[in-house]
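Here the structure is laid out as structure tokens; the discussion comes afterwards.
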Amino acid sequence: MKRKELLRRASVAGLAAIVAVGTSACQQTKKETGAPTEAVTEAAATDAAQVETEARETEAAAETETAAEAVAAAEETAAEAAEEAKTDADGAAASRYQVTEENQNRELVMNDQPESSYWFPEQLLEWNAEEDKDLEYNVSTVPLAKRVDKENLTPVNSTQNTDTKVMAISIMNSSTSGNAPHGLNSANCNIFTYWQYVDELVYWGGSSGEGLIVPPSPDVTDLGHKNGVPVIGTVFFPQGVAGGKMEWLDTFLSQDADGNFPVADKLIEAAQTYGFDGWFINQETEGTEEEPLTKEYADTMQLFIKYFKEKAPDLRLVYYDSMTVDGEMDWQNALTDKNAAYLVDEEGNAVADEMFLNFWWTDEELADEKLLEASAEKAAELAIDPYDLYAGIDVQANGYNTPIRWDLFANEDGTSHTSLGIYCPSWAYFSASTLDGFHKNENTLWVNSKRDPSAEMEYTSADQWHGVSAYVIEKSGFERRN
């Protein structure tokens, strides 16, 4: 074989190996985008072996020094091609995102994909935005849209209110850790579609095994902002049975010599850097006999919240009705003297922006106390807007089959005593086996059992699902353009 032809074949072998390397370096999103890396690698190795064989035959027949040099060059090129092919095969096996017939409908996981943040208190203190390798991927880029003025909105039924608000505490991703900032290849996920009924979204997360402080992933913040909905992160202190530790609360509430709260400063920095709108504090760690929860913790939590709001008045801070002002874990299910200090202090100064009331106000054992009506009266006494209180309903287990005493939430004319807080409307997705089922669940959950927002919903029993549209007017972040 002539020298020129031999070198050409050697170059082909090298090119095949390079193609294999390039294939594994790019995520394939469709089966048709190219042959599997393994096939390309095998072809490269085969071609390289063929060139090596021909090179040896040429060497045996060589009669000139020029032919011998060509053989040596061909052998070297073939060896390099084979080595690159082997290296690529190893890399492809490790990357775990090669599309095959078996996994084409599954989420593809890339080893080097960015990850949304989550921290324990100590980790947040060590977090440095300038050293955050995934920072650029975790920043929301969509500003919060201004919604149409509520006075310009038209109710579609006789019980809708322009003042009643909705806070949705939703599991947007199925875990605290391992979440890609902008999703993966699958549309089979909790793609929430009823933003018109939501005034504030809490990105629910946190666990004792992963992290307690969870900012929203930017894809959720972007979508909320596009619809005029503020999105806030979660600070979650679990009960002891779920792994809660007092040391985490100690770190969270620690102050330096000047009285500053370093964790509060970091919460502010994270929200302002990532572009979301504030935090929801869920403190349910009850302590132990050795490390009891005391009034000192409650007093310090109020100081922490005040400090946060003084430093960042434009960021929202929501407190969950759990730890009382006496430092007891005693859910009030209402605004009372035992939790009001988290919203307003003794001098009438504002503390937190809003409060999410626990779920038991709708239980038959407490029905006679009319806790939401009493909450509105207490709010008026303290000059608190009653619609900054969110009556919690827990739909995580049963969705729209959850019994709710709607007659305790609103008067007969539909005027609600407080706003509405929905815990885990993400039930609509996680309980469905198909995307069609997901959308049907959402429609009933957010609209009503008739799936018609204009339907008049009269209370007959707790088993009749009134939905959200019965009391909350639809809002939009999109202005009409002339």
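The backbone N, Cα and C atoms fix where each Cβ goes, glycine too.
The structure displayed is predicted, hence computed values, not measured ones.
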Pick from 26-65, 426-465: which range has region 'Disordered' per TrEMBL? 26-65
Range annotated as region 'Disordered' in TrEMBL, from 75-94, 295-314, 315-334, 335-354: 75-94
Averaged pLDDT score, the domain 'Cytosolic endo-beta-N-acetylglucosaminidase TIM barrel' (182-476): 97
